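As recorded in TrEMBL:
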DOMAIN    8-68  domain 'LIM zinc-binding'
REGION    91-111  region 'Disordered'
COMPBIAS  91-109  compositional bias 'Polar residues'
DOMAIN    119-179  domain 'LIM zinc-binding'
Amino acid sequence: MPNWGGGAKCGACEKTVYHAEEIQCNGRSFHKTCFLCMACRKALDSTTVAAHESEIYCKTCYGRKYGPKGIGFGQGAGCLSTDTGDHLGLNLQQGSPKSSHPSTPTNPSKFAKKMVDVDKCPRCGKSVYAAEKIMGGGKPWHKTCFRCAICGKSLESTNVTDKDGELYCKVCYAKNFGPKGIGFGGLTQVEKKE
């Protein structure tokens, strides 16, 4: 039967979609009112849609169904997502049910290797992650630990010096390790030898 009214068929309701009400995604047309997440039924737009083959989801439901699983892949950095999406009708279990004992991967992922090789701050001895790392003296430091060892002043690349693995501001370095005498290290007269 010919398509007299023109327009494509909606990917959700299979009715004709006219140009004024059309949203296109993944080569398919949808009514504005039918452009909903297939799991939670939330209204979508071009910034919140995630398509998988002929299905459309909001980014949250897409992540639950097709995204990576495990520690560090939750709703924020460093969390464990226990939301399986069962209340939304998402069938996330693929294959056989999980065994009662955890298995150790034989080929650890890049993520697992990265967690082992975290740098330690020379000042406090704690792990330094990329978001808080400042390099000084060839070593990684926390932003809060990147201070002069004597006066405690915050350091920058323009005023930092290092000696024996410790950081100093230029003033403290000059006073404690620089040359002595008139005009050096803040002394006003030559010290007499007794």
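Placed from the backbone N, Cα and C atoms, the Cβ positions cover glycine too.
Remember, it's a predicted structure, so these values are computed and weren't measured experimentally.
Across the domain 'LIM zinc-binding' (8-68), the prediction's mean pLDDT works out to 86.
In the domain 'LIM zinc-binding' (119-179), helix, strand and coil residues by DSSP number 11 helix, 22 strand, 28 coil. Per DSSP, the secondary structure of the domain 'LIM zinc-binding' (8-68) breaks down as 14 helix, 23 strand, 24 coil.
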